[in-house]
Amino acid sequence: MGLETEKADVQLFMDDDSYSHHSCVDYADPEKFADSGRDRDPNRLNSNLQVGFEDVIAEPESTHSFDKVWICSHALFEISKYVIYKFLTVFLAIPLAFAAGIIFATLSCLHIWIIMPFVKTCLMVLPSVQTIWRSVTDAVIAPLCTSVGRVFSSVSLQLSRD
């Protein structure tokens, strides 16, 4: 409830000349916040996700707002995106990761212990079923269809106008 005496860890640098090329938050001390250099999306699952200011908000040449409005809008967009994303990940990332882990573990278990043994069993039994089905077809269904075909082959229709 007074004046803040601590130095801020995050600063946003926006120049009049380079505001349109700037799309992320610059840290005051990059080494302090640096990740271990590991790519967090090595399989490019979210490569289609475009959340930069220029990807979301654009003004055509014919309609431009004031430069200061554009700069402030850009800064507020980046700050709010940064803060809200961090806030949401603090509260949602761990529970959602836990739920996704449970779902994928359950699906993996079902696939490994139920679905694949069932499929393999069906594939093992199918040649026998195919042989039995062919025998039933040849012994029962083929003679029945042949008899029905012979009965209907002797039917003749004559149309006449009276």
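Glycine is no exception: its Cβ is also placed from the backbone N, Cα and C atoms.
Sequence annotations record features per position, and here Swiss-Prot assigns intramembrane segment to 87-107.
Taken from Swiss-Prot, the feature phosphotyrosine covers Tyr19 (among others).
Residues or ranges marked as phosphoserine in Swiss-Prot: Ser20 (among others).
Taken from Swiss-Prot, the feature phosphoserine applies to Ser23 (among others).
For Tyr27 (among others), the entry in Swiss-Prot reads phosphotyrosine, with the evidence type similarity to another entry.
Under the heading phosphoserine, Swiss-Prot lists Ser36 (among others).
Among the features that Swiss-Prot reports, topological domain 'Cytoplasmic' is placed at 1-86 (among others), with the record citing sequence analysis.
For 108-162 (among others), the entry in Swiss-Prot reads topological domain 'Cytoplasmic', with the evidence type sequence analysis. For the topological domain 'Cytoplasmic' (108-162), the model's average pLDDT works out to 92.
Below 8 angstroms of C-beta separation, not one residue of the same chain at least six residues beyond the ends of the intramembrane segment (87-107) sits close to that stretch.
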